[in-house]
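A short worksheet on the structure shown next.
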Amino acid sequence: MKQDMQSQPFEKLWHQLTSEESLSELDSDKHGLDSETVEQRLQQFGANHLPRAKGRSAIVRLLAQMHNLLIYVLLGAAFLTALLGHWIDFWVILAVVILNTLIGFVQEGKAEKALDAIKDMLAPHATVIRNGHRLRIEADKLVPGDVVVLEPGDKVPADLRLFSAKGLQIQEAVLTGESVAVEKHPQPVASDAVLGDRLCMAYSGTLVTSGQGHGVVVATGAHTEIGRISGMISDIENLTTPLLQQISVFSRWLTLVIMVIAALVFAYGYWLNQTPAIEMFMIVVGVAVAGIPEGLPAILTITLAIGVQRMASRNAIIRRLPAVETLGAVSIICSDKTGTLTRNEMTVSAVVSSANTYSISGVGYSPAGEITLQEQAVELEQQPTLTMLLRCAALCNDSTLKRRDDDWLAEGDPMEAAMLTAALKADFTLEELKQFYPRRDVIPFDTAHRFMATLHHDHQGHDFIAVKGAPEKLIELCQLQRTDNGDEPVDQSFWHAQIEKIAAEGQRVLAVATKTVAQHSGELQFADLDQGLVLLGLIGLIDPPREEAITAVSECHKAGIQVKMITGDHAATASAIAAKLGLRYTDTVLTGHELTQLSDAELQHAVNQTDVFARTAPEHKLRLVSALQANGHVVAMTGDGVNDAPALKRADVGIAMGHGGTEAAKEAAEMVLADDNFASIAKAVREGRTVYDNLKKAILFLLPINGGESLSIIVAVMAGMTLPITPLQILWINMVSSIALALSLAFEPGEKNAMHRQPRQRDEKMLSSFLVWRITFVSLLFVIGVYGMFLWTQSQGASLEQSRTYAVNTLVVMEVFYLFNVRCLSSASWSIKQWFTSYIVFLSIGLVIILQLIFTYAPFMNTLFETTPISLGHGMEIIAVGIVMYLILEIEKWLRRSITKKYQTGTAN
Ligand code: ATP
């Protein structure tokens, strides 16, 4: 690298230099850097990422935990008790506040960490040329001087000086605010050109919308234009979803209502019952602590974070948190075929020329296999058309094959790699092929035109074009077909019949064509293909369905979720694969062309009974999502290309491919599939349903306990009776035992029937009538249990401390049994197997039992909380109350289930 580069690496006016000058300034060339230089520059210039905005410091996070109304009330109470010299109360309140804050702090820290880890999984990638080889690397490993390849959908990974551009258009809105993409070219521009006019530069963070280009990295990390503007990325996403927001608004309202009730209770007790103000104040604190579901938002957040983490471990990476909830409501999954439903491990199995059908044996990318004609191995010299076809397929190709021990690995498009394998089976030497027929130009593959073309010359001064692409497209473009005896007019009906035949077996069909050109200018144009293209033949490729996708499709069907295949492939191939996968309606296939002929209303009707959409372009996907949504469905849709972004944005859950997807698709998506596998979508839906259930369970668990406790106090005050549980004891139960138990619900695995029920309605309310009923019913059971035990022991002559200790323990035991009811929302929780699906529940229960034993038997706790030890016999009575509660609730569930079933069969009849 030049001397001045080292001292001031990023300060040149690169746009004013020619591309050659830029490359030489950076001590690089078109073949890229070697590994040693990269290593050394990485040390020198650092990683290519913007400095991360610092997260909140631990102290700030800790203080934020204390920023809530209940804590203020408690601190106020602590202050007052201190003023009055009630030191025990003071210390208990303070200790509980500290304990609760610490629990919240640790939980939130865990949740944030989980999400950070997921963000790292989404680190952007870049395609570079190093040591003359094309590689895909993590974008933060780029260094100045690296040669980067740009393709549609890529996010430019660093500031680049372009040295080649073909139809390269880049959208630079992040830098210039201009949303129309600009066409780039490698020629230098004036030194005073503003950013938007520097057409030979590609800036980090901007988006390639079409074309191809190569550029050399001139600035990385904070030295890029975007780095200078924004300084750092603040990527801290709020840990929230619509449901969580609803709940936190609900909690705030509930807090307000409880404060009002507390004030009324105070007024009632003080003025009407003549209870001393100090005593009433402590009671009111008790009402507040009992009623306000303070721990709920924190528990919901951790439930969500754990769900996101679980999904990531199953290869579904959530980019936007609300998707976790939406996933549980998905009623239609629209999936790409190639690579998602199929394995994308392609093998050429047949070649059809105008005269012959050849078979090719072997599996995978290994070149073991042979080409046969009527079961006889062929001599290639006697098959000029076949030879030309395989040569063109290998030349019109951007993939490479790599041998690792006995394994052959494909790099690039698997379909192209399969063609290289076929060429190897015909004994071509790929390196030689490239040297004999160097490539001069290319029209890259694009889903819009569905073919790829390359221009080559040999060393005898002949130029020719090799084309491969969708067969209908190529038949349309070709006027001639090749035979071993020369060219003749193309026989369209013959070829269409052959295509149908191969496709009906579920094989992917590609056509290959060529054209000899006299002394080409060097720049390949679409117009070059207008005249004189000769069809060489068809290639049939096997791409088997993924076994796990077949299982996942059937699981989705059971879960009331329809699966639709939206593919760019041929209708017959798509339909055959769809049948193998077990999709419902595979006989009718709607093609992209037919789709454009339908009005919105017709399409809305057609989508109901069609599961296979073939030869579609990205804009069709958008119409399909809209039609399905108009039918009231919640739609998940997969996509990979830059043009899929609008459909992904429109879908309720946009899903981008992690391997094969572009950065543009990933950015538009709510979720990224790390393994591009359909089965992972089904798993994510199951996880989505589980998270939603767990959120519901946490609410259903905590609210009745709060309800029961506050009701007990209010009833006592109203009736002028002694409190069955003191405010300090309530503080203990709510902020220690309840939280420990509720937290275990966040870790609950999915219920057995999670994928056996219909998807949730999009607008289903969390606080449904069912939930409101359960909360009320269970609250009453708690009041009866606690009060019953208190009054009964009082009548047996127990002291006030003893009765209260019974009451507190009864409440906690009821909580433990209630936890088992709640773990199965609607199904019976009898099954012992079901009990042991999560060991965390038992950890929490174990912890709570130990805490309760300390609470009851440790002398210092007896002093602090005014408790007394109880006998084993009475302990048994308490457990009996818990069991009765458990049974009542199971009977209630059973009754509900029977009534719903009767109602359903009634309406079905
Ligand atoms: P899916 O949409 O399910 O991923 P697909 O890969 O068939 O399926 P596209 O990528 O849109 O969808 O491809 C459409 C068609 O274009 C293919 O069926 C094939 O005929 C042709 N094609 C795909 N890739 C190439 C390529 N690299 N070169 C030439 N033609 C191609």
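One is the number of the first residue shown, and numbering goes on along the chain from there.
Glycine too: its Cβ is placed from the backbone N, Cα and C atoms.
Marked as domain 'Cation-transporting P-type ATPase N-terminal' by TrEMBL: 13-86.
Sequence-distant contacts of the transmembrane segment (62-84) (same chain, at least 6 residues past either end, Cβ-Cβ under 8 Å): 56, 90, 93-94, 96-97, 100-101, 104-105, 108, 255, 259, 278, 281-282, 285, 288-289, 292, 294, 731. Here TrEMBL flags 62-84 (among others) as transmembrane segment.
Annotation source TrEMBL lists transmembrane segment at 90-106 (among others). Remote same-chain partners of the transmembrane segment (90-106), defined as residues 6 or more beyond its termini with a Cβ less than 8 Å from a stretch Cβ, comprise 61-62, 65-66, 71, 74-75, 77-78, 81-82, 294-295, 298, 728, 731-732, 735-736, 739, 864-865.
The transmembrane segment annotation in TrEMBL covers 253-271 (among others).
The annotation transmembrane segment is assigned in TrEMBL to 283-308 (among others).
Through the fold, the transmembrane segment (699-723) approaches residues 247, 258, 261, 265, 268-269, 273, 283, 286-287, 290-293, 295-296, 299-300, 730, 733-734, 738, 741-742, 745, 766-767, 771, 774-783, 786-787, 800, 804, 811, 815, 818-819, 822, 825 of its own chain, all at least 6 residues removed from its boundaries and within a Cβ separation under 8 Å. Summarising the annotation, TrEMBL assigns transmembrane segment to 699-723 (among others).
Residues or ranges marked as transmembrane segment by TrEMBL: 729-750 (among others). Residues 74, 92-93, 96, 99-100, 103, 107, 286, 289-290, 294-295, 299, 302-303, 306, 686-687, 689-690, 693-694, 697-698, 701-702, 705-706, 709, 713, 804, 808, 811-812, 815-816, 819, 822-823, 837-838, 840-841, 843-845, 847-848, 851-852, 855, 865-867 of the same chain, all 6+ positions outside the transmembrane segment (729-750), place their C-beta atoms under 8 angstroms from a C-beta of that stretch.
Annotated transmembrane segment per TrEMBL: 771-793 (among others), in sequence order.
Long-range contacts of the transmembrane segment (805-824) within the same chain: residues 697, 700-701, 704-705, 708-709, 724-725, 729, 732-733, 737-738, 741, 744-745, 748, 751, 778, 781-782, 785-787, 789-790, 793, 798, 834-835, 841, 845, 848, 852, 855-856, 867-870, 874-875, 878-879, 881-883, 885-886, 889-890, 893, each at least 6 residues beyond the stretch ends and with a Cβ under 8 Å from a Cβ of the stretch. According to TrEMBL, the feature transmembrane segment maps to 805-824 (among others).
Positions annotated as transmembrane segment by TrEMBL: 836-858 (among others).
The feature transmembrane segment is assigned by TrEMBL to 870-889 (among others). Outside the transmembrane segment (870-889) by six or more residues, the chain places 778, 781, 785, 788-789, 793, 802, 805-806, 809-810, 813-814, 816-818, 820-821, 856 with a CB less than 8 A from a CB of the stretch.
Proximity of distant same-chain residues to the transmembrane segment (253-271), defined by a Cβ-Cβ separation under 8 Å and at least 6 residues beyond the stretch ends, is recorded for 69-70, 277, 280-281, 283-284, 287-288, 291-293, 710, 713-714, 717-718. Mean pLDDT, taken over the domain 'Cation-transporting P-type ATPase N-terminal' (13-86), works out to 85 on the 0 to 100 scale. Taken through DSSP, the domain 'Cation-transporting P-type ATPase N-terminal' (13-86) splits into 45 helix, 2 strand, 27 coil.
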